[in-house]
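Okay, so here's the structure we're looking at.
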Amino acid sequence: MSAVWHPFTQHGLGEPIPTVVRAEGAALFTSDGRRVIDAISSWWVTTHGHREPRIMAAIADQAARMDQIIFAGWTHEPAEAVAAGLLRLMPDTLTRVFFSDSGSTSVEVALKMALGFWLNRGEPRHRILVLEHGYHGDTIGTMSVGARGAFNRAYEPLLFDVATIPFPAAGREQTTLDALETACREAPAALIVEPLVCGAGGMLVYPAWVLAEMRAICARYGVLFIADEVMTGWGRTGTLLACEQAGVVPDILCLSKGLTGGAVPLAVTMASEAIYQAHRSEDRARMFFHSSSYTANPIACAAAAANIAIWEEEPVLARIADLAARQAVRISALPGVRNVRTLGTIAAVDLGTEGADYMSALGPRLLAFFRERDLLLRPLGNVVYVMPPYCIGDDDLDAVYAAIGEAAAGLA
Ligand SMILES: *Cc1c(COP(=O)(O)O)cnc(C)c1O
């Protein structure tokens, strides 16, 4: 019996837990000899593909020279290379790079930066505005700014109060914008959003013009705009950042998942110069009080620097456009599915007759159905989505979409 307690896993259901012994491109190989297609990029992290050669080489090379060092008051070349690379790739007004080690932490850091900004300016503000159906992580702070439901009911008494703006569902966009404007009049500290798509909330997409309007309203009222691009960053939605499609530049940007190509954990929170300057002083009490042991781990930074080099030197956006097109034709040919939506390399449908529902009884049945077909797909309740590594081949995509079609037919 294994002593391992797995995340988001109900051990009482006795579902099989495969042992993966090798990964390559879009495939996982199990100890019992199966080849499983990784159709969700191992929970949205793997961008180029598993064991991308340049990233693996960078990790090996760095591991031969330096493992881990303190980052408070010390620096190293891989971190400097990542920061310089991010300044080249990301919007010009994001001038400062703060390292951490997970998406959740990058969001916690963003929230702390926002509150520190206001306090240090002598106008303390603490209220955070959030978008309905949002997901920003599983720590207490990030659960507070995310959707409430079965997954955080036990912790609800500890979650801090936020103002929730309704999701801009088709036809109700103005309601969202009006609610945001009303909330902005009460001088909140910041708005946090997942740009263009609420991922864990059910792959719910909304138009770029709404994102642009939300940003404009925040700017008008001086409310900080935090873009959580932990999932959407690094090409997922068809552009390097989802914000680009709306011409939006946030005050604070959270990146993780694809930052290292999905090879090793690393995160950054990028901030505007104004936010950095609000903390910079000769007064130690105004410094940014945040760190974690593995902040800017050199090996993880070497992987991120290699990922940045891939983005700068290889036709990544063309690969993404090609994958987006190959998915779009396949998903639009599926019979018996509802609410077909695509955004870059993300494709999603609702199965059954319900709307998106994470606790739908369909979820576990679908999971088992796909597992039996050697497919790593992990529906969000009755929402089946495909988010593969950019290198996935046509045969693998065909197998994925054939199985989704079969699942939909079985429910019809
Ligand atoms: C995955 C995710 C997070 C949390 O990242 P972790 O690395 O799992 O802590 C935060 N925000 C968004 C939008 C995500 O998709």
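Quick reminder: no glycine exception, Cβ is built from N, Cα and C everywhere.
Per TrEMBL, these features apply:
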type: BINDING; residues: TRP43, TYR135, LYS257, SER291, ARG378; note: substrate binding site
type: BINDING; residues: GLY103, SER104, ASP228, SER292, SER293; note: pyridoxal 5'-phosphate binding site
type: MOD_RES; residues: LYS257; note: N6-(pyridoxal phosphate)lysine
Quick check for the class: what is the C-alpha distance, in angstrom and rounded, between ARG378 (substrate binding site) and GLY103 (pyridoxal 5'-phosphate binding site)? 20
Among the binding-site residues GLY103, SER104, SER292, ARG378, the ones with a Cβ under 6 Å from any atom of ligand 1 are GLY103, SER104
Sequence order is fine: just name those binding-site residues in GLY103, ASP228, SER292, SER293 with a Cα within 10 angstroms of TYR135 (substrate binding site). ASP228
Would you please pick out, from the binding-site residues ASP228, LYS257, SER292, the one with the fewest other Cβ atoms within 10 Å of its Cβ? SER292
What's the CA-CA gap between SER291 (substrate binding site) and SER104 (pyridoxal 5'-phosphate binding site) in angstrom, rounded? 13
With every protein chain in view, what's the tally of Cβ atoms within 10 Å of the Cβ of SER291 (substrate binding site), excluding that atom itself? 15
Please give me the CB contact count at 10 A for GLY103 (pyridoxal 5'-phosphate binding site), counting all chains in the structure. 27
TYR135 (substrate binding site) has its Cβ surrounded, within 10 angstroms, by a count of other Cβ atoms equal to 23
Of all the binding-site residues given, TRP43, SER104, SER293, ARG378, which has the fewest Cβ neighbours within 10 Å once its own Cβ is left out? SER293
For pyridoxal 5'-phosphate, with binders GLY103, SER104, ASP228, SER292, SER293, what's the maximum Cα separation in whole Å? 23
Measuring Cα to Cα, how far is GLY103 (pyridoxal 5'-phosphate binding site) from TRP43 (substrate binding site) in Å? 12
Taking the residues the record says bind substrate (TRP43, TYR135, LYS257, SER291, ARG378), how far apart in Å are the two Cα atoms that sit farthest from each other? 33
